[in-house]
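K.L.:
Okay, these came from TrEMBL:
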type	residues	note
TRANSMEM	14-36	transmembrane segment
REGION	44-94	region 'Disordered'
COMPBIAS	54-74	compositional bias 'Basic and acidic residues'
BINDING	205-212, 287-291, 349-352	GTP binding site
DOMAIN	370-383	domain 'SRP54-type proteins GTP-binding'
Amino acid sequence: MLTPQLVSLLTDQALITIVVVIAVVLVVGTTGLVVARRRRSELPAATKPAVEAPEPKVGEDAEEPRDTPTRTLEDAELPEAETAPAATLEKPESAQGRLVRLRARLARSQGSLGKGLLALLSRDKLDEEAWEDIETTLITADVGVAPTQELVEKLRTRMRVEGVGAAQARDILREELVALVDPSMDRSLKASRKDGQPAVMLMVGVNGTGKTTTVGRLARVLIAEDKHVVLGAADTFRAAAADQLQTWGERVGARTVRGPEGGDPASIAFDAVKEGIAEEADVVLVDTAGRLHTKTGLMDELGKVKRVIEKTAQVDEVLLVIDATTGQNGLTQARVFAEVIDVTGLVLTKLDGTAKGGIVIAVQRELGVPVKLVGLGEGPDDLAPFDAEQFVDALLE
Ligand SMILES: Nc1nc2c(ncn2[C@@H]2O[C@H](COP(=O)(O)OP(=O)(O)OP(=O)(O)O)[C@@H](O)[C@H]2O)c(=O)[nH]1
Ligand SMILES: [Mg+2]
């Protein structure tokens, strides 16, 4: 192309121009080639995973446990971001007057007890048959044999002395039922800091009675009272148990301290209390695994949970959660739990699902411990502080 003859004919300037043009053409060409090659290699890379690793189907990731036993307690402590779910916090209803709202539900479920008794007592002629029917109504409603006999005796005397009639019968029955439920018992929950430490509450009971639900609903009530609450997931039998509790915590703004599945419940309870102390919380609520009262090993474990917590803080409340629908079996449970741990209060759940509200009387008698809370539905605000007079009023409504 550029023969020596031709070169000699060109000026120096023309030569420089030609060299520059050739250089530019070379640079542009090479760059274009590199870009095109990179694009080619990027394109399949972006679409590749769809072919090589298809979207997992539902259930395919189930083999990978969320809570592997290799996790330590320290690992399980939640980062700040996870425990400050400010965006979706719910504003719980105050517990004040809650039993009044739930009274209709209580009246509906316990109608046969209250109204049945009232109808029998209001009969023109209160003969032996009527008194027998009254006794049967009370026993059927799980009031228990001794309290039933006591009540019938009192009613008999008063009806004889004070006369018969629908209005008197109602007043007398109300008074005697209130006395039987015992309004003098202290039903307040110890949920305030003392001696510079948070109050600690332990939730115990057999499987499925409503412990976790009660912890969650109680946390809502306490947070509505502007209390700082920490939850302890000492149910380590299943990862789902801690998840269930944490979900409650996230809804109301309470940190959940959890540990590995199959871990030591006592050390998680201990850790939750330690966390509560560090955060200067008002209350630490510790959820425990459901345990059959017949399994001595599990019952001993409960004693250990309490003892380990007591290395750093006092346990202010041990709340025994009893499913009201289990009737006499609930009484047996209460007896055994009270043998291994000092129960300070009873929570009767599922009262909405049974007509046997007499269990309130029977179980208090059995343990000499007050019913402090009652569950009247599955909703987040369906837990109410128990009150003897309101309860009896609902029965007679
Ligand atoms: N109807 C009704 N259902 C309730 C009440 N309290 C709890 N439940 C339901 O009872 C079921 C069991 O509740 P949980 O709180 O999981 O019981 P748990 O005692 O923690 O169970 P485990 O941890 O397995 O021992 C849930 O479906 C709750 O919604 C109540 O007062 N009324
Ligand atoms: Mg539970």
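A Cβ is built for glycine as well, from the same backbone N, Cα and C atoms used for every other residue.
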K.L.:
Where ligand 2 binds, which of the binding-site residues Gly205, Gly208, Thr288, Arg291, Leu351 are close by, with Cβ under 6 Å?
P.N.:
none
K.L.:
Quick one: among the binding-site residues Gly205, Gly208, which has the most Cβ atoms sitting within 10 Å of its own Cβ?
P.N.:
Gly205
K.L.:
Counting Cβ atoms within 10 Å across all protein chains shown, which of the binding-site residues Lys211, Arg291 comes out on top?
P.N.:
Lys211
K.L.:
Counting across all protein chains present, how many other Cβ atoms fall within 10 Å of the Cβ of Leu351 (GTP binding site)?
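P.N.:
The Cβ of Leu351 (GTP binding site) has 29 Cβ neighbours within 10 Å.
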K.L.:
Of the residues in the domain 'SRP54-type proteins GTP-binding' (370-383), how many are helix, strand and coil by DSSP?
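P.N.:
Looking at the domain 'SRP54-type proteins GTP-binding' (370-383) with DSSP, the answer is 0 helix, 6 strand, 8 coil.
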